[in-house]
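Scroll down for the structure; my scribbles are underneath it.
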């Protein structure tokens, strides 16, 4: 039986926070759900969301959603003082006497901080960082070039002097290429006659760091190094081969979509297309410019990904659909903004496929070989995020032989493991990488992922390219919504658990001493595929039928006599006329009455949704299941070994007991399922594939236990014949198979599991099931996909209910409060 046996995902390079500048808001408190907060003194309860989230006074849920929706629809780009300064340095063509973009100069004059700096702090404490020093130096240079803002220049130089030690501190996080860009601008400033109130030895230290950077043996190939040096060209100035750099120019005229690099090329090479890009950029955005442009697609996809990871994407379903429609259009037109960037392309591919868009893996072909990474800036910087995005995208394949995605998955996994082993992954990203490598995306518990992401979410997200930029203008609102939704969901789950416990007592299921009746784990099995709060009826029906199928399975698996098995099968066949049969034991009476009366209750609720009676279909599912279980019991008693895998699976699939669980719950999802839909070949295929995945996973993980009890499974069946001409049944006196034959059989079963996964994924999300021609509503198709995930989770290490880890997981999802960062 089936149940028995960070936050924002970045990675684009160059890239930008998907969420833009943070608007100023008040900092008092709204009523909060009780959560647990970690502090230096231990754990305490608090009604606030979380310390680092700040507070949101007087806002209800709808107001929070409005803010997030506004940000999602038009992601606000965070202004980059550094890039704005470089654009401000560009002169009018044919003249070096006046700026081409005076609005950028004016913005610099209007946005100096009181301490004399420009740029963003990397955290709530406002500490000085290398990005602030870099931005301040760039702004000082821009003002000095045009001989304006002398007081601004004086205050900026003073700020740099007071904090110069930060620039040479190797422990401080640095923007990409800092040792080149900062030292290059410092040399330019000194050449202009600017005086820095610092010791000569400190300035020499900066130039030594520059030489070290040039000599550094970084990751990747020579091509990766060339690309990196082109990206930080503004730090090289006249030393750069600008003809070589222009090889990286894109159709929009930019270099790497970087305003600073493009501005430097406009200064040094007078490239018309580069200037056109800057004109277009400044005309659209006014004064300041971002660290990367255009970036709308990537930024919006990151926000969609964040909302999904935090468990609140359903609140913004229409907005997400609009974004994905736009992304799909860009994909089909092969637009550079998506296709040239590793992280954007991978994230777009994954999200589009998982939302049912028909996108070919051919769009990922440019990343099929490891050289695509080794020759990139990502390799030079040992950048993990795009690598992780590629690995995730490689898992969403439908075809048995999709060599593009298989290749991407192979080399990206290898590199991620290498980065882990050499400790090259940041602490903030390491849990996500470890989790992705350990658990395939079809073996994850989304609601548990949501909880972990909420607990680790950083509302002060600060990303670094050549310059830093703030995270989302809606991070606090996202966290507040996620905390509220998770807390409410837990309260609903806990009510459902109490109801299940009372239902068990009502039908005397706890009196069945041979059976495992575990409401908590059964509810977890329902929460995994049906976690949205509003699906309570479907979840309760799933949980009840999970308990009931487990009880019936235990009867057929040694808990009852053959007389009781035959009696129960006859009762199910008669169904409403079961009084004609009678009960041969109290155990049979308890089981049948529990199934029959619970099904009547569920059927009444389903009839309201479906506008028809569905009891006959539900009864059929029970009848098919118990007949299959009886066949297995007869096989065991007679020591019968099926001649083929086909014969075995024809019984093993229905005996896995999804029939009375999944189709019944599907009736309660709010979607109409007409008779022709549930009788269609497509519906039968969905149920068959989900059952095959579960049964084969069970066989692989419980092989040794079942072999010891003489119970047949696919691993035993597929073993090459051992000495004596028969496969061992365990306990029957036949010789045990050689270890090699066992591993070969298990490998064959795993291949069958993978094939079933691919077919199921394609039927649910691909053109086979994702098209409008399907008569089965998408939410109903998806529940079969999530059913397979339940099996993967429950059988990661063995018999699902027997694992202590499963109870721990159930506690974490249903009972334990959030444990949030301070």
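Placement of Cβ uses the backbone N, Cα and C atoms for every residue, glycine included.
In Swiss-Prot this protein carries:
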- 553, 557: Mg(2+) 2 binding site (BINDING)
- 553, 557: Mg(2+) 1 binding site (BINDING)
- 698, 702, 706: Mg(2+) 3 binding site (BINDING)
- 1-10: compositional bias 'Polar residues' (COMPBIAS)
- 1-29: region 'Disordered' (REGION)
- 553-557: motif 'DDXXD motif' (MOTIF)
Residue among binding-site residues 698, 702 with least C-beta crowding, 10 angstrom cut-off:
702
Could you round the CA separation between residue 698 (Mg(2+) 3 binding site) and residue 553 (Mg(2+) 2 binding site) to a whole angstrom and send it over?
14
On average, what pLDDT score does this prediction assign to the motif 'DDXXD motif' (553-557)?
94
What does the structure give for the C-alpha distance between residue 702 (Mg(2+) 3 binding site) and residue 557 (Mg(2+) 2 binding site)? Integer Å is fine.
14
I'm trying to understand the geometry here, so how far is the Cα atom of residue 553 (Mg(2+) 2 binding site) from the Cα atom of residue 706 (Mg(2+) 3 binding site), in Å to the nearest whole number?
14
Specify the count of other C-beta atoms within 10 Å of the C-beta of residue 557 (Mg(2+) 2 binding site).
21
Indicate the candidate from 553, 706 with the smallest number of other Cβ atoms within 10 Å of its Cβ, considering only these binding-site residues.
706
Cα of residue 557 (Mg(2+) 2 binding site) to Cα of residue 706 (Mg(2+) 3 binding site): how many Å, rounded?
11
